[in-house]
Amino acid sequence: MVTAAEGAGAKGAGAAVEIRNVTQAFRAGDSDLPVLDDISLSVRPGEFVALVGPSGSGKSTLVRLLAGLDRPLFGTVEVDGVRVTSPDPSRALVFQDPTLLPWRTVRGNVAIGPQTRRALARSRARIDDALALVGLTDFADAWPAQLSGGMAQRAALARALVNDPAVLLLDEPLGKLDALTRRVLQGELLRLWQERGFTAVLITHDVSEALVLADRLVVLSPRPARIREVVEVGLDRPREQSAPEFVALRARILALLDEEATTQPDELEAAH
Amino acid sequence: MASTPLTAASPDTPPARPAAPPPAEPTEQTEHAEPTVQAEQTVQGAARIHAALQKVTHPVRINPILTGAGILAWIAFSVLTETVSDSPRLPAPDIASIHRTTGFTAITGLVVAALAAGLWALSATRGRLGARAAGRVAHGSAWLFGAAVWAVFWEISTAKTDVLETPYFAAPQEILDHLWSDRRILAESLGNSLQLLALGFVLGLIAGLATGVVIGWWQQANYWVHPILMFLGPVPTLAWVPVIFALFPTAYSGAIFLIAVSVWFPITVLTRAGIVSVPRSYYDVTQTLGARSWFLVLRVSLPAALPSIFTGAFMALGSSFVSLTVAENFGVNSGLGWYLNWQKGWGDFPALYAGIVVLVGVCGVLLTLLFRLRGWVLRWEKELTRW
């Protein structure tokens, strides 16, 4: 798994993701709560796809299935033709909360991946590279409790990237950051994606963010989530948020989401 | 956190520079003068900020009256001990005991005064050593004075007037006398106690951690062990004594078991509690990074449970002292607990107090060490400087 050429981050390292007829439901108290309803989606290798939808629509559930943390009730998830049944370091996940282990320094957190493969000793350079990649070299020995929100999320990103993932799953990774930090990190994410060539699946409720980053937007309906529409963005990067095409696209997607939000009378009933 | 978004977002880029000179005055002069003025202002600001922070973070104020009074009070104690004659009502053995150590006691008082004065003088020096000394003096001066007042009262009420009557009360000299004359047997008892305590504590700790982890992780194990834990754990040590000394081949092994049980219970309960409350996201995130079960058990759940485990360790240390003295009184004929009981049998109260002084010292030192260990192990938990 660990070769000499690693860390070069050759373009085209991304994997194809295939979601086929996935349905997922949970039991909430006495009632069954359907969350995903027959979702099918193909993501090309190295593509950047964003899932947007109202909050509580089951976006995070889908990402957990992709990560292999949960298994779907019906349907399959495949990555490069292999069915996903358990978590794997080739599919990295970054949460909304950085979830750094507080008793490990930044470097210790980034080292978790190599350590689980007993490759800590020969991964020193990789870990340093990952820290440098997100600009945390000077904070390698800091405790997570000392970091600001943006820095903590950078550390979480480095921790995911040190495994050189083929798929990077981003579950609202910038959701809790202030507007300024968020903009900076959006740029960073784009740069990392372009440099490393992984397939990226981003979950967000921020339509602008999705439009700045993604190749395609998948608009989901409220719970139980169905794919409402898939929108090709087709704008050159870096994208200017004030460009007329951008504004028009944004308005169209927001209209789609609004429409969905108002035509869901049964949503509350389903939750009870 | 949110107040410093710029530094937060890009820690490796230099801080934002002051904006270019205002465009309102585009003359060459102002363009050149402006940056230097700004720079000077910044430096002045930094010096002022440093001074202000110094006041906030080092509010050390040595109270000269209190510190001076403390030192003088200890000198007064020494003078009083040495010059005022002892009460004629004291029985002959006590008189003899007091006589042997009066000089030593007076010197002890002077040493305390000299140490305090020396530390006070040191605090006037610059640098880290001086700052530490200043902190110590500022913090300890009230205790210095209070302890001296107590020592004077103690000396007068026992040796000098016999208001607090012998044999139930003992003068400081008598306790010092016994600490010295019984030093062999006290040291031996201390050694035996520490050995027994260490054996029992370590065994109980290992067993407790193992049980706590197992029942925290496996529902099936929890089903069987938890009820046993809840019913047998809180049974007082004293109640086990007859059973244990009947079941165990030697009294010593029984004593180890007794201490181990009293350590095992709190450690198990709090290890389990700590592990059960580990956020699920820690497991999720480490699993996606490639972690398998052993990593999750040993490198995620155990460290995450450490704050809780330390709470258990403090409780365990307390109950292990109880078990130790109980065990030493039944069957194990050595150690501090045994010494106390033995001296009680002779009705030798000053010796009893001497034994208690040693025991108090041991408990205090061990508890302090545990606090230090906790502070170091859980240093990531502290409120540190945030960036």
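Backbone N, Cα and C define each Cβ position, glycine as well.
Among the features that TrEMBL reports, region 'Disordered' is placed at B:1-35. Marked as compositional bias 'Pro residues' by TrEMBL: B:12-25. The feature transmembrane segment is assigned by TrEMBL to B:62-81, B:101-122, B:134-154, B:196-217, B:229-248, B:254-275, B:296-317, B:351-371. Annotated domain 'ABC transmembrane type-1' per TrEMBL: B:190-371, in sequence order.
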Segment-segment contact (the transmembrane segment (B:296-317); the transmembrane segment (B:196-217)) at 3 or more Cβ pairs under 8 Å | yes
Looking only at residues six or more beyond either end of the transmembrane segment (B:229-248), which have a C-beta under 8 A from one in the stretch?
-> 211, 215, 254, 257-258, 261-262, 264-265, 268-269, 319, 322-323, 326-327, 330-331
When you scan the chain for residues with a C-beta under 8 Å from the transmembrane segment (B:134-154), skipping those not six or more beyond its ends, what do you find?
-> 60-63, 66-67, 69-71, 73-74, 76-77, 80, 109, 112, 116, 119-120, 123, 171-172
Quickly jot the same-chain residues contacting the transmembrane segment (B:62-81) by Cβ under 8 Å, restricted to those at least six beyond its ends, or write none.
-> 102, 105-110, 112-113, 116-117, 120, 123, 134, 137-138, 141-142, 144-145, 148-149, 151-152, 155-156, 159-160, 173
